[in-house]
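Have a look at the structure below before the remarks.
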Amino acid sequence: MTDHPRATGAKSLYVQDARTRRRNAAEKRFRAYGLTAIVIACTMLAVLVFTIVRDGSGAFRQTYLSIPVALDAQVLDPKGNRDPAEMAGVLTLSYGQVLDRALDAAVAGLDLQIEGLESGDIDGLISRDASAQLRDRVLADPDLVGQTVDVNVLANGRIDGYFKGRVTMETAARDANTSPAQLMLADELVKAGLLVTRFNAGFLTAADASDQRPEAAGVGVAILGSLYMMLVVLVLAVPIGVAASIYLEEFAPRSRWTDLIEVNIANLAAVPSIVFGILGLAVFINFAGLPASAPIVGGLVLTLMTLPTIIIATRAALKAVPPSIRDAALGVGASRMQTVFHHVLPLAAPGILTGTIIGLAQALGETAPLLLIGMVAFVREFPAAPPEGLFDPASALPVQVYNWTQRSDPAFVERASGAIIVLLIFLLCMNLLAIFLRRKFERRW
Amino acid sequence: REQVQVAGSSTVLPYSTIVAELFGENTDFGTPVIESGGSSTGLRRFCEGVGENTIDIANSSRQIRDSEVEECAANGVTDIMEVRIGYDGIVFASAQSGASFAFTPADWFNALSAKVVRDGAIVDNTAASWAEVNPELADQEILAFVPGTRHGTREVFDEKVIAQGCEDSGALEVFTAELGEEEAEAACMTLRTDGRSVDIDGDYTETLARIGSSPNGIGVFGLSFYENNMDTLQVATMSGVTPSTETIASGEYPVSRPLFIYVKKAHIGVIPGVKEFAEFFVSDAIAGPDGPLAAYGLVSDPELASVQQAVADETTMQ
Amino acid sequence: MYDTIRSESAVSQQDIKISARDVQVFYGEKQAIKDLNVEILDKTVTAFIGPSGCGKSTFLRCINRMNDTIDSARIAGRITIDGEDIYDRRIDPVQLRAKVGMVFQKPNPFPKSIYDNVAYGPRIHGLARGKAELDEIVERSLRGAALWNEVKDRLSEPGTGLSGGQQQRLCIARAVATSPEVLLMDEPCSALDPIATSQVEELIEQLRTQFSVVIVTHSMQQAARVSQKTAFFHLGNLVEYGDTDDIFTKPRDSRTEAYISGRIG
Amino acid sequence: MYDTIRSESAVSQQDIKISARDVQVFYGEKQAIKDLNVEILDKTVTAFIGPSGCGKSTFLRCINRMNDTIDSARIAGRITIDGEDIYDRRIDPVQLRAKVGMVFQKPNPFPKSIYDNVAYGPRIHGLARGKAELDEIVERSLRGAALWNEVKDRLSEPGTGLSGGQQQRLCIARAVATSPEVLLMDEPCSALDPIATSQVEELIEQLRTQFSVVIVTHSMQQAARVSQKTAFFHLGNLVEYGDTDDIFTKPRDSRTEAYISGRIG
Amino acid sequence: MPMSWALLAAILLAVAGFLLGRSRAHATAAQDVRTLHSRPAYHGMNAALAVMLPALVVLILASGLRMSGVIPVASGPVAGLLALAAAVAGLGWAVTRAGRGFRARNSVERMVLGLMIFCSMIAIATTIGIVLSLIFETISFFRQYSLADFFFSTVWSPRFEGNSRLGMLPLLWGTLYISFIALLVAVPIGLLAAIYLSEYASPRLRSIAKPAVEVLAGIPTIVYGLFALVTVGPMLRDWIAQPLGLGNSGSSVMTAGLVMGIMLIPFVSSLSDDIINAVPQSLRDGALGLGSTPSETVRSVVLPAALPGIVGAILLAASRAIGETMIVVLGAGAAATISANPFEAMTTITVKIVSQLTGDNDFSSPETLVAFALGLTLFVITLGLNVIALIIVRKYREQYE
Ligand SMILES: Nc1ncnc2c1ncn2[C@@H]1O[C@H](COP(=O)(O)OP(=O)(O)OP(=O)(O)O)[C@@H](O)[C@H]1O
Ligand SMILES: Nc1ncnc2c1ncn2[C@@H]1O[C@H](COP(=O)(O)OP(=O)(O)OP(=O)(O)O)[C@@H](O)[C@H]1O
Ligand SMILES: [Mg+2]
Ligand SMILES: [Mg+2]
């Protein structure tokens, strides 16, 4: 033993020898790499979130127009008997005319001088959605006909864009859908207090709207659809995934058969999500006869898609639990099932929760599989409360994002980013519990 | 089921949604559910059979093919109503900041075809700027964003612009002489792959974004898309004609295609609102020249009246 | 005391608690136990001695089928407890392990509170009718393992935060709490000071009145103090098995003698 | 032999290897070591004895700053090695630990091959110039730890597949392979049979000619056999420290006496 | 809905079964519960499961048959009654057996194990489902298109007029290339981040940074795609590709790979972090005690110990990379080319599956059906890769376990 070379050449510990210096430098570098990696990841996150918020915060504010409207009985109730059934025969187009007239009157009352202002410009201030709103209001209360009521309706998307900086005088000059005169009029109306920009609750509660009404589009149906799907995924994917992992990791004999299942699951993770859509269409809609566009089918497809992620994460976490803990429990006469549920599972919980977080994040943001089962759709009607609502047509948040990014009106860019913000908040809410639980379960041994 | 279910082409989608929205507002029927996913998916789902869990109407940016009709029939979908809802104009547009263009189909052929004819000989296309193709065009780098091969628009682009240009420029003759008839057609329509012609598999918003990051690019758009983005795009004329709903309806502007919806007759009377929706779709108030669809950029069908009649009569395809 | 034992050594069949016939254990290719035959008596303390790596732990783990958890381990032969073949298909290893408790060589407390560590066994076996009874079991077990005084104020702290010797005693308390019929202890006093050791030995002595105890130890003194029977292992063989004082005073095998006198290891 | 030691006990200042002044250690709220003062000599074996849970391991871990890895541990006071304060900001714990090796109470072999376990230290410290030299270090260390014969044919098998005592010796070999100046051994022989124990003790005796060795043990005999100095801990206090035979023959403190005679634990 | 009523009734029966089973067990045990084989709660659970399982099986079978039209919709009440009958039978069986000799725990555990096996069979069923839903269309694709051309041709150019060339090699190349670059970004960053989080970071930083990084996995891929298209693509083109003369394409393999790599970071970092965290502290202590620096400890002891889990995380990331569409469409373009130049536009199998499937082509033409063939081929290829990965991991692990 006596002739062992000395580990440290230097006598004093205060002085680092060359090798230690080198190793410490390597250590510092390694640490720096690690920190850099986190900084990179966080910076990217910051950049992405910043762009999303920058582009999307506008969706939460909206310009509204409030004017008194004379509800002309001649137009709205030609027969004059205030019978809602007959009044339903009056189309929104007529209500549009009523609104146009009211706005014309309001503008005329202001006595403005704007060069090049045409009557079409004035009417163009009102959203196309306004007439439907007014019609609904009148049909609900036919006695309003003949009166003059104050209405508060959405302003057209371009006007809204003007107050959000998306539309300028310069672009308006080139744009056939608006004109500088119209924008000047809008400025005047703001001064007169008829146009106001305020918080847009409708974005969160309203359904999708067509291309012509970006200002009216909201994520209400999409939120419900996503919520329903995530319920299905949560209820199915997590228990099934954890149960399957436990079986494979703790109970299954090591054999070709379990190898097969293992490879199989790893392979399922690599299946493009749209293929799960093909599967969903074939199995759940065509074979099992479930309705298309329904959250139940979406949830089932996403469950199948998320399962591999959860299983792989859970198995890795189970594998990481030291065998001595299993021995200890078995040694006092616990069954394997008890060992797993009392000791191994709690210790593997952080990993399981991480897998769940990542799996759900993926499921929440996925569009492609929904494409084939009819959920990438324009849905205006709200699904009912579960469980029946699971079978009603619904949209989903990523679908709304996907659809809106394809719309031609630039106003939808803002909506899409707004929907992404909602989606991220949704995701955070969903993960919060998991993150909290994970911190609770985390321990070293 | 309380709503009509529609699926198919993303080109028809915006029109369908506009109609569906109005239909829902103005009738007692539910607002139809309109799925996107392409004409192919739409027709596939349409042809899957008859029943509650199949769709009622397919949107298509092209006519249904015979093979598809056969497949439909094989699955029991025999009575199909074909409804032409109007025309979609296809325009060429570039960034507002750049030069403006007046194209002919031949320009496009000479700029984008893989092989061109120079001095009577077939050579690889090396043109780098539009001015090289046609001295009258601006000296701007050639960079075209054309629809990918999955888009129906590409078919129209190939036929009405590139093939037309091939013929107009006289290249077709040379190709036919050198390669034979069939090969010549293929040669006409093979685009260069050196990055000057970029296939866009996404949608028009992607094309727009690409023009945003490459301001030299010229993109292919639908008329309605352009009309909604006039502030950032300028449109090029084709053979001297500026695209608009009027010039397309009159046939002056050459590049356009019809859009269809296919209605499953077996669902009429079973699913509430199917026929009503189809009728509503092609009614004058909606699809007419002054209707909201035209306002959005759909070229109204000059023969709308006969279409309306066919829908009312539930006339099916033969 | 040794007199009684000696009379017991002429045992009738029913006094045999555990009997092993031709047991062989392999880890993969490596044979860890070769043709082992032994009969362990009820209400007796049996000591396993032998140099490190000779297969003591391996055999101990065979007795309550803990070797099932090692993938590479393979067992041949027949081990019976109370006449029942424990490797029989009808045997439920869980029930077996509840009956045959074990203290492992390396202390392995659960990453739970000290209380929960001890209460775990009684809980799953339903040994206590209420909280009070459970408390009592926990206290009794911890007292038996000579740990109560040190931890009585910190029962809710994690068992992994104890010192090495404390962990070892915790594991003893945990095993005792389920009141098994056979208790296998793999070097239970290796990290204990003499006093704690003697307390644990007292516990073993107590347990013996009812149960069968098998203890692995490297201390000849301890073996001599606590056990009535001793088995000497060497390189996977059970070299000699007999009454403890016979083994220590007049070993039959030369290897036993060499080991006891400190010449081979 | 004891004669030399006794003469060494009148040490001059420079012979002091480690000195601790007013060391206090807390785990969270709990104080594990109270006001400890001790001077550990170079080229000497110092034994720490005391009942389980009295703070021996805790103090040992202070000497090479392994307590840094326990979040809840907090240390006050001053420990110097060769006159240098090891909790000084300039001290690099890595270099410190290379100089002050440690064998832990619970054997913790790496999940690597036996060879790699032993070669790990020499590799990171660059102690071997080539494969041959490394082989030689590994063999020498394993021989020193009395494990070579048992494992020489299975060097490439995982260290975790060894028996408890073998793992313990593997950890000793691993620590010795880096040739530290101070070797801290926390109950290195707890799982070893007498022969292996005496071989390890021989190793310690050898190491002492060059290095300072601190050993925690529960065996008074072992302490008496291998150490020249003994420190007796009790409930977090260093009760008595002095020449080993003084402690064992004429303890000054009543608690020491009680412990040695086996009355308190 | 009579079936949901039946379900509700079954749940109530299960609760009743639990209570009954338990009290019966208590009763037979008289004073000493120890005389029972299993704890009374297990007798209860056994009864509950014995009620629920048959009822559920009947209900699921019935609703499956009803949905697919084998039995009439009106058969709901019959099915409900059947389910209830099954539940009652289960209850009777379980309650009569509850008592001293009955091995209720084993029975419960057998049922739970059965459920677990059933759950893991879902993976197999999914695979079979996928293969079945792809195979018929794939066959009809190969009826119309030559097998050899599909597998070995290097030209991908679908056309509306027919005469398409549908060679998958360029797509396969693009898939592998882009995934490779993505992993090149994600694996080092993710692993280093995981190591930093679990070994160095303060608990505070960790508790913030880890969930934050996980958000990266939740951002819809379209955001990444647009980020690639609008920011990263032009940046790479203007600052790297053009100055180096590597082309001037706004979309490139590099763009898509980089951006996708960012998306994949949390897959590697979060899962690995959990696994690394689960490595016992005593191993770290062992290495640190020998004088190794924390980074040496991590590299030579902790990582090898955590390896199986980390490999799982990386495979998951790789899988995600292969399956991604939006980022590739917007970042790498739609051009199917084979080239080694990372600054050139390429595309992947997945992208083409989506685009051909959701395009405007004739749905029974090879141009559309090729999507199914591509899907199946990709399935087989990844299967092969996974088998190889498994074998490699096994080899490596054998050394240590
Ligand atoms: N990580 C920890 N957290 C909290 N308390 C601890 C921790 N480690 C040790 N202790 C406590 O500190 C005291 C001293 O422990 P230490 O491990 O130093 O004892 P020891 O003298 O080594 O005993 P043994 O001989 O049993 O190993 C004990 O009471 C123990 O319970
Ligand atoms: N899991 C395993 N895989 C492979 N070999 C093993 C395993 N466990 C033990 N062995 C080997 O089997 C033999 C017997 O080991 P065992 O643990 O039974 O020894 P032991 O008598 O308990 O020794 P100790 O007193 O050191 O604990 C040893 O040679 C050991 O190396
Ligand atoms: Mg052992
Ligand atoms: Mg200790």
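Note that Cβ sites are derived from N, Cα and C of the backbone, with glycine treated the same way.
Sequence-remote contacts of a segment are chain residues at least 6 beyond its ends whose Cβ falls under 8 Å from one of its Cβ atoms, and for the transmembrane segment (E:41-62) they are 3, 6-7, 10-11, 13-15, 17-22, 24-25, 71, 75-76, 79-80, 82-84, 86-91, 93-95, 97-99, 102, 104-105, 107-108, 111-112. The transmembrane segment feature in TrEMBL is assigned to E:41-62 (among others).
Annotated transmembrane segment per TrEMBL: E:74-95 (among others), in sequence order.
If you look up TrEMBL, you'll see E:115-136 (among others) marked as transmembrane segment. Listed as Cβ neighbours of the transmembrane segment (E:115-136) (distance under 8 Å, sequence separation of 6 or more from its ends, same chain) are residues 372, 375-376, 379.
Marked as transmembrane segment by TrEMBL: E:171-197 (among others).
Feature annotation from TrEMBL assigns domain 'ABC transmembrane type-1' to E:172-389.
The transmembrane segment annotation in TrEMBL covers E:217-236 (among others).
What TrEMBL records for E:248-268 (among others) is transmembrane segment.
Residues or ranges marked as transmembrane segment in TrEMBL: E:301-319 (among others).
Annotation comment: TrEMBL describes E:369-393 (among others) as transmembrane segment. Beyond the transmembrane segment (E:369-393), the same-chain residues lying 6 or more positions past its ends with a Cβ under 8 Å from any Cβ of the stretch are 130-131, 134-135, 137-138, 140-142, 144-145, 150-151, 158, 166, 168, 171-172, 175, 307-308, 311, 315, 319, 322, 349-350, 352-354, 356-357.
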(request) Give the one range among E:217-236, E:248-268, E:301-319 whose Cβ atoms make the most pairs under 8 Å with those of the transmembrane segment (E:171-197). (result) E:248-268
(request) Compare E:74-95, E:248-268, E:301-319 by their Cβ pairs under 8 Å to the transmembrane segment (E:217-236) and return the stretch that comes out on top. (result) E:248-268
(request) Take the transmembrane segment (E:301-319) and find every residue of the same chain, 6 or more past its ends, with a Cβ under 8 Å from one of its Cβ atoms. (result) 179, 182-183, 186-187, 190-191, 195, 199, 264, 267-268, 271-272, 274-276, 278-279, 283-284, 286-287, 292, 382, 386, 389, 393, 396-397, 400
